[in-house]
Number of protein chains: 2
Amino acid sequence: MANLFVRFLIGGLAVLAAIGYKNYRELSEPGQRPELDNNAYWGPELSKQNYKENKAILPYDISVNPEVIADLKSQLSRPLKLQAPLEGVGFEYGFNANELQKVVKYWRDTYLNKWGEREKYLKKLDHYQTEIQGLKIHFVHAKPSKEAIKKGKKVLPLLLMHGWPGTVREFYDFIPLLTAGSDKSDYVFEVIAPSLPGYGWSQGSSKTGFGVAQVAVVLRNLMVRLGFDKFVVQGGDWGSLIGSNVASLFPENVLGYHSNMCGNNSPMGRLKLMLSFAFPSWFGDEQNAHFYKGFGDFFVFIMEEMGYAHIQASKPDTIGNALIDNPIGLASYIAEKFSTWTNPAFKTLPDGGLTKRFTYDQLLDNIMIYYVTNSITTSMRLYSESMNKAQFALSVDSLPITAKTGCTRFAHELLHVPDGVLANKFPNLVHSTHQQDGGHFPAFELPQQLYEDFTAFVQKAEL
Amino acid sequence: MANLFVRFLIGGLAVLAAIGYKNYRELSEPGQRPELDNNAYWGPELSKQNYKENKAILPYDISVNPEVIADLKSQLSRPLKLQAPLEGVGFEYGFNANELQKVVKYWRDTYLNKWGEREKYLKKLDHYQTEIQGLKIHFVHAKPSKEAIKKGKKVLPLLLMHGWPGTVREFYDFIPLLTAGSDKSDYVFEVIAPSLPGYGWSQGSSKTGFGVAQVAVVLRNLMVRLGFDKFVVQGGDWGSLIGSNVASLFPENVLGYHSNMCGNNSPMGRLKLMLSFAFPSWFGDEQNAHFYKGFGDFFVFIMEEMGYAHIQASKPDTIGNALIDNPIGLASYIAEKFSTWTNPAFKTLPDGGLTKRFTYDQLLDNIMIYYVTNSITTSMRLYSESMNKAQFALSVDSLPITAKTGCTRFAHELLHVPDGVLANKFPNLVHSTHQQDGGHFPAFELPQQLYEDFTAFVQKAEL
């Protein structure tokens, strides 16, 4: 009874909120493509006057100056002054200081001693750079294997995008699967995996207003620069949102969109999401009901897990100042997400289950990319530039994606959105799956599983 | 019309939310004092077995080891790798890196060179320490002037409490006013200003569950230890909330409660606050209507200014790991609040208006106390321990404060709560004022003004 009352209450609240926002007619109308300058300049003002986009696509050397490594080692060798965790606590209060001590020790005494090997590993894939709209954009370019081509597989260009706090490092096991091809698939992929602008080796904007839609323009332009007028998009986290913006804004370029974190942020989508918390059966399939949580769990999730997004969206420079050139703080801040977002149950473990799905080497590779490029502040600005009135006013979220779409849901993803909620954003949702394992970083954690889902989508969609 | 609609909408939402939470009868009922162990032990488990509270009250030497200062100087001398702010931006994205560079230079080249003088200044007041419930608690003890006593002023003990990210340093100009007495007041004060447990020189808890109510018990016990069975309470920020808890839980000890940030977090108080956004005239006086903002401003405030509280309440150890032993990040994180909370209009200034109301020396004194005591993590844990189910279940907020109460509102305080909203929490609100200037740290910023308001309250209340 009480439960029913709460359902009606939440339903009522959602309806009221929706009415207050826009009327139903407006809500259900697809939006119009906003005016966006496809050639907007985002580099420093000083360089603007004589700026002529250098369209060359040049190999990029990701080598790190040995002085940076030596300095990092000396920073990691300072006596640690961490505050001991509260008694009996794992990761419930954030990154456990005892575990951090172990990470620092491994980083300093093991990882950095084999940095040459790690660097070699990171160079295994081919790195390039080109200039787009005033920004130097870095990307990994991996071509399909000759064997796959010989077997007559169809080659599709793929724009593959990471999110925060990720890097292209997440894709080092995933990309080889995509380029090798498999017996189960008629397709093989030519992969472009950019560092998002402001992330890793890609330059960040010097100007305000560089949000998710503007980033989408840059990365679409990158694909066109490389000669790919038609391509597939895959991503999670920001990669999913940027991909959704690319597919919304440039339907002429996108063959298909696949994401491991599909969402619908249109006004109608938000309303339906709220309603789905109260009436899950209206929107989802009964079989996978356990994937979809109620409003109470959603509220707890916002409270317990969204603090980072709140501060990054409002004060990215303050938290950036705290993390830049601060390897220990950076490792704690980033690696926390690879614990809790991989499986929330890891929060109760003293070591956050960090090595249950990743190795320290994997995690440190990713952290190193943020550290050596000093990119943490620019990476976090994407939150503030994407969550503000100017960005919302573009209403890209209200543009339906006409390209064929595939959505997969790994078990421990932060938030699952049922098909019924996705519907108005993705009228061409041809593939929708639920994985019984895995978390927020499936390309990194379960590359084979993500590969199989992705290729199943491509096959089904007949791209 | 639209405006009226929004008002009704918000009103409706608030009512629905309230009904969903508890019924009106329950809402309006005063709560019962919860069971709290007044002797709970919060120190490390290891020391517990043989623990016997050392009741001695000993002078405390706040001197900093010169090695710590030398090491700090060397840290501040590293080449700065801050990310340049976006073009044309002040403090809108958080602490501006150009201004931070200036702060670091001043800190390293000027402030630390006169550290001896600063330390002498901090020792101007008398520092003590005693053990309460397993924690070493530091406090400043300032006695009333002989002149004031000679003049026959009535002496009142005062528990004066700072908040986050403050320290006792906020009170260095305020305390001398309180102990000197003035011609306008018949009272003079014997001031006890503790470092909150886990802040500055006061030890933090080793155990979970040490929230605002538990801190209130410790600080009330401190006053009793010092022989003050009846005392006045004053505070802002956490000092206000802890003070409110002391006054709620120990009416037998509290003569009067004065705060520069009165709030009412009882269920009824929250409901009324929501309603006050839609119908301000129901709750406040017309004359000061400009102090009270609508729901839109409240929402923007939560979004733009509450990120720090969100992350500190959910992941205090992660953000603590990022700031401890990181002087530059710590300065940025703390000093941002002394910009934006002093006046939100300072956000548009390239230097955040930092020196409009404070000197670098004042701000750095406060930051130094966090730095040299490594207390940032323990200070931030107060958020997580106070904003959780166990703490809410105590329902201290539902206990009315019977002591005479004075509330003053400085113009730029984060959130103003009108008398009508405060009513059920403070049935004895005898003094309520609005200041046309000042922000969140009035003892630090406008000590004379706060002193006058405070003594006007004491006089009016005839304590």
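Cβ coordinates are placed from backbone N, Cα and C, and glycine is handled just like the others.
Annotated features, as they stand in TrEMBL:
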type	residues	note
ACT_SITE	B:Asp237	active site, nucleophile
ACT_SITE	B:Tyr383	active site, proton donor
ACT_SITE	B:His440	active site, proton acceptor
DOMAIN	B:59-171	domain 'Epoxide hydrolase N-terminal'
SIGNAL	B:1-20	signal peptide
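Annotated features, which come from TrEMBL, shown on the structure.
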residue  : record                       : DSSP class
B:Asp237 : active site, nucleophile     : helix
B:Tyr383 : active site, proton donor    : helix
B:His440 : active site, proton acceptor : coil
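Here the C-alpha separation of B:His440 (active site, proton acceptor) and B:Tyr383 (active site, proton donor) works out to 18 Å. Residue density at B:Tyr383 (active site, proton donor): 23 other Cβ atoms are found within 10 A of its Cβ, drawing on all protein chains shown. The two recorded residues B:Tyr383 (active site, proton donor) and B:Asp237 (active site, nucleophile) have their Cα atoms spaced 12 Å from each other. Note on the domain 'Epoxide hydrolase N-terminal' (B:59-171): its mean pLDDT in the predicted model is 98. Its own atom aside, the Cβ of B:Asp237 (active site, nucleophile) has 24 Cβ atoms within 10 angstroms in the protein chains shown. Using a 10 Å Cβ-Cβ cutoff, B:His440 (active site, proton acceptor) registers 22 neighbours.
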